[in-house]
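Novice: A single structure is presented below for examination.
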């Protein structure tokens, strides 16, 4: 009988150091009878030798297009833009199920290649909760980036390139140092504070020294009245951590920012949710994703108003690549063990049915 196999591809997104499969998870899959093929990747936080040591088979970087079509390809971030058909089964975050920019083009590649997409964002348990998510570390890293941007603004500068940290302790130490030793006195508002992402942001703020009363923790109850919310303008850092599924009133707009005048306290907006190209984006004050090399973008405001920076990086957890990968991969493991039964296992059949539905929607707009 053929052994079930996963092919871990390299990540081509700049600065992306995370991995969908860690050596720890790979070892557990191998012990369960799987074969794990891993592309060599100098960018990945885990050394090739760590995979080799647990029994993975190493292959050349970015060689998955020539892999046997029956082997599922697993990765994290979206594939580079291309028109090439995709004949394989892919397990990844594809960012094409919520009408994001280019969504139909992405799905057409699967349609033309007769391939299949299992989108990691939509692998859900029986209660509709994602089985694996980077939410906590996204919020944690987003809050850290926001604090670093605030520290730079206080010095009259723009935040420079962000680089991944070896661990959480190193990140906290660096942020506190940038703020002069502590975040005490900084005021922040987190929307979506009860979710995984929001809890991560709140945790970071506490660990860098913000007092609890200076962390406004909003969730559905506080936003039920509908935005825009003037309270956002009265904090130093605003963190958006909501999961967007439908149109809602904007949280903040250029008009509300301008109306606040020169006395506005808000200096940094971190859109961890990063629904930049989503037509329902509740933070319509920016239009581009920022990057690790250029982490902030200024909001277009009248020249007599104080500046306002937005961070909209769509892979923030890679600031803590080893820890976030280990947590995500461990959470994903039980579902991967079920993958050989994907034709009958509820989680995988649901994901496949969703793919077919979205494929039909893409065909309809082609």
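Positions of Cβ are set from backbone N, Cα and C atoms, glycine also.
So TrEMBL lists the following for this protein:
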ACT_SITE  77  active site, proton acceptor
ACT_SITE  95  active site, proton donor
BINDING   129, 195, 196, 219, 223, 243, 272, 313, 314, 315, 316  NAD(+) binding site
DISULFID  197-241  disulfide bond
DOMAIN    7-141  domain 'Alanine dehydrogenase/pyridine nucleotide transhydrogenase N-terminal'
Novice: So what's the average pLDDT for the domain 'Alanine dehydrogenase/pyridine nucleotide transhydrogenase N-terminal' (7-141)?
Specialist: 96
Novice: So of all those recorded positions, 95, 223, 316, which one's Cα sits nearest to the residue listed as 'active site, proton acceptor'?
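Specialist: Checking each of 95, 223, 316 against the residue listed as 'active site, proton acceptor', the shortest Cα distance is to 95.
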